[in-house]
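Peer 1: Here's a structure for you.
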Amino acid sequence: MPPILILLTLLLPLRAGAEEIIGGHEVKPHSRPYMARVRFVKDNGKRHSCGGFLVQDYFVLTAAHCTGSSMRVILGAHNIRAKEETQQIIPVAKAIPHPAYDDKDNTSDIMLLKLESKAKRTKAVRPLKLPRPNARVKPGHVCSVAGWGRTSINATQRSSCLREAQLIIQKDKECKKYFYKYFKTMQICAGDPKKIQSTYSGDSGGPLVCNNKAYGVLTYGLNRTIGPGVFTKVVHYLPWISRNMKLL
């Protein structure tokens, strides 16, 4: 790996909305019906937003660092700035971050949101399937990540419309070179350092979709350069997800 890449692989300070879609393309409206926009207010009074995805009629999965007060979820959106008839805006009844979440090393950065009311299934609103226990995607497999992020690093505004980029699953040893706090049992690393098409700021909590299933939850990426993003490995947390959805 070129030395300059090594110098630039500093972790972004984790803040709400810390990851975004760079490059990629706008998707066909409502073709990713599982996508959610999570909005909330931080302790400093500022409004923030993250990505997320519907996994059951009452539950959305997102990143644990995407939390605050006045939480609500927008489902069925394509143009997030427009008042679309397909949109369902539902307050969050309860936020359940993983109890082992550590904001210092970004492990267990996963959270369930229980909605106050049941999501109405339509062509624009559908849950995303989770993988089976012990399922895995091999390095080299092409997956996708979607969100309402900036279209370039220098852009000052995020995209109004949902965009998607294709990412390549990286080898664990390569991920360790980029991220010294990378834990292969709990995380997946995906991207392509050679292409301007990766994750950056604004869509933390969005899904890494492989074979039409959610294999990861976006947690963080690289600072000052485009490269792989790190995702919380959904398979590792399936027992916790299942247990909490049954209890609530």
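Note: Cβ is positioned from N, Cα and C throughout, glycine not excepted.
Okay, so Swiss-Prot annotates it like this:
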SIGNAL    1-18  signal peptide
DOMAIN    21-246  domain 'Peptidase S1'
DISULFID  CYS50-CYS66  disulfide bond
CARBOHYD  ASN106  N-linked glycosylation site
DISULFID  CYS143-CYS210  disulfide bond
CARBOHYD  ASN154  N-linked glycosylation site
DISULFID  CYS175-CYS189  disulfide bond
CARBOHYD  ASN223  N-linked glycosylation site
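Are these features on the surface or tucked inside, and what touches them?
Peer 2: CYS66 (disulfide bond) falls within neither a helix nor a strand when secondary structure is assigned with DSSP, and so counts as coil.
Reduced to three states, the DSSP call for ASN106 (N-linked glycosylation site) is coil. When other Cβ atoms within 10 Å of the Cβ of ASN106 (N-linked glycosylation site) are tallied across all protein chains shown, the result is 24.
All protein chains considered, the CB of CYS210 (disulfide bond) has 22 other CB atoms within 10 Å.
Residues within less than 8 Å, Cβ to Cβ, of CYS189 (disulfide bond) and separated from it by at least 6 positions along the same chain comprise ILE169, GLN170, ASP172, GLU174, CYS175, TYR178, PHE179, TYR182, PRO228, GLY229, VAL230, PHE231. Under the DSSP three-state reduction, CYS189 (disulfide bond) is assigned to strand.
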Peer 1: On a C-alpha basis, identify the one among CYS50, CYS66, CYS143, CYS210 that is nearest to ASN106 (N-linked glycosylation site); the candidates are the disulfide-bonded residues.
Peer 2: CYS66
Peer 1: Just how many other Cβ atoms lie inside 10 Å of the Cβ on CYS50 (disulfide bond)?
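Peer 2: Cβ-Cβ neighbours of CYS50 (disulfide bond) within 10 Å number 27.
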